[in-house]
Amino acid sequence: MRPARTALWLRLALALGLALVGPLPVGWSSARAPIYVSSWAVRVSQGYREAERLARKFGFVYLGQIFPDGQYFHLRHRGVVQQSLTPHWGHCLRLKKDPKVQWFEQQTLRRRVKRSVVVPTDPWFPKQWYMNNKVQPDLNILQVWSQGLSGQGVVVSVLDDGIEKDHPDLWANYDPLASYDFNDYDPDPQPRYTPSDENRHGTRCAGEVAAMANNGFCGTGVAYNARIGGVRMLDGTITDVIEAQSLSLQPQHIHIYSASWGPEDDGRTVDGPGILTREAFRRGVTKGRGGLGTLFVWASGNGGLHYDNCNCDGYTNSIHTLSVGSTTQNGRVPWYSEACASTLTTTYSSGVATDPQIVTTDLHHQCTDKHTGTSASAPLAAGMIALALEANPFLTWRDMQHLVVRASRPAQLQAEDWRTNGVGRQVSHHYGYGLLDARLLVDMARTWLPTQPQQKCVVRIVHTPTPILPLTQVRKNVSACAGRANYIRSLEHVQVQLSLSYSRRGDLEISLTSPMGTRSTLVAIRPLDVSGQGYNNWIFMSTHFWDEDPRGLWTLGLENKGYYFNTGTLYRYTLLLYGTAEDMTARPPGPQVTSSACVQRDTEGLCQGECLAWHGLLAGRRQRRAVSGGDSHPFPAPEAGRRSRDNKRHHPGSQAPHPTSEFANKG
């Protein structure tokens, strides 16, 4: 290429840089260079006819609108290679020069991994121990079923690699309106079958939520009468458009989206949703469910082996998602679990190879007792939230987060970092507010008074370059916007938006301390994160200050936990407070925690009939006895010999505690 032409292309690249990337209120960085694909997202306010005209004019194929309001559109160009390390400057320049185009972005591949953890072969567990009183405390679901609640009228969609819609334990609850295939752009979310059965993840998650009861097969879902759908979006090219479309499917029909995936949990990635996906979250909570807000339930992540932190994952640390962590049957931190300040609650999963796992549906019309990871925890929470929505369908997305905080119990969960926050609640970076209790969640949902409108108070604290010392503390007295319309009396989410450079990012521990004395670790050390990029406009989030009064002195801590000669510069620091003007601590306490202890157990340790006379299942049990001559279990056992066929990596067989100094020093 001649020098003059090279210079021209460089000038075009610089001129187009902002248009290609667009505004980035949330920064992210990854070790991989972006890979550009042959599709574009375009914003045109004149509607789909104008978008079709643009497509014809510039040689694109019009693929339809991204959101229902007809301002964002999806275009593809057949003349562009499917994957490239550089954007197509020519097409981008044409779009940039057209006055009808308000914004555009050539799409890039987004690497997303499913959050399942597969362990070696261990004994088959025909009993769903996390629901049937086998452990204490369990999730207290039997007492909710005894009230006649089973998820009736609630629609849940699992965003994953598809759902086996004709599975004998799913077909009766399958909802085609809550399903779509965004990998192939057709209405059928059936998984793509492979010899290794790698696309079983969505079917397993769906069974946890809404597997049928009383059909003599496999187990039963938490909300066994809920409608269940599946979105196939992880089995192919993943872009910002595909994620946004998946999160925007039928927002007036789907109540809960359950997602058990995210960026790589490798201990060095800092990544989050793109512009369109962030817009999908915003639209979901403001317009979904008739304005009450869509509920996005998210698995917190499986990077514990790599000392990862889910605050480096922009999906789990979004204020719009309800992040769910895991604990084992014995109340221990699983080896794969990530600790972070954005986790709100916890449900059961498994840990080492000898731990019992989760029973659910599997591919090829089978069952499995090998489902695990935070992938297994999020659908259990989604099912419990469906039970609460049946009890009170008028709950907003923020109401539900308030209820989950109040319905989570430290119980017997073991961790060194349990602390009592400023309003007297125990909270942990591993577990959030504790093990979610379905009975408590439903009882409080019935009488919950609507939360006042969300307020947002933005405090810009650092805006000039400041050197980062081995121990740097930035203090700021905050009024919480007192005297203004957006005054906050009771906190919900707290965000810290940072731009900084650091010679070895993973060595920098960042913490935030509230005026009421609660210290929350925003990110602990990540030994595998050797990046020198620092954080570019990255937003950390903490739920640990819930209901606290934000007025007073806030302290941001930056501490070098690694190499002595690390250096860095803090460029920008903004504190974002979310909450309400109401004093939430003045509300009367909710119902007391009720025990799910069993009155009498049978020879296999299951509750006998007097404990299980809950809606539907007792009648179903009697019916099966009449047919089969004496089935004594309300939870039908999976067929003998059925085994998981997932051949992904095995865990190391031992629990890996997080070696951060912050956690180790807490008693």
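Positions of Cβ are set from backbone N, Cα and C atoms, glycine also.
Going by TrEMBL, these are the annotated features:
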ACT_SITE  Asp160  active site, charge relay system
ACT_SITE  His201  active site, charge relay system
ACT_SITE  Ser375  active site, charge relay system
DOMAIN    451-583  domain 'P/Homo B'
REGION    625-667  region 'Disordered'
SIGNAL    1-19  signal peptide
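Sequence-distant contacts of Asp160 (active site, charge relay system), defined as residues of its own chain at least six apart whose C-beta falls under 8 angstroms from its C-beta, comprise Lys114, His201, Gly202, Cys205, Gly230, Val231, Arg232, Met233, Leu234, Ala259, Ser260, Trp261. Counted within 10 Å of its Cβ, the other Cβ atoms near His201 (active site, charge relay system) come to 28, all protein chains included. When pLDDT is averaged over the domain 'P/Homo B' (451-583), the result is 98. Taken through DSSP, the domain 'P/Homo B' (451-583) splits into 3 helix, 72 strand, 58 coil.
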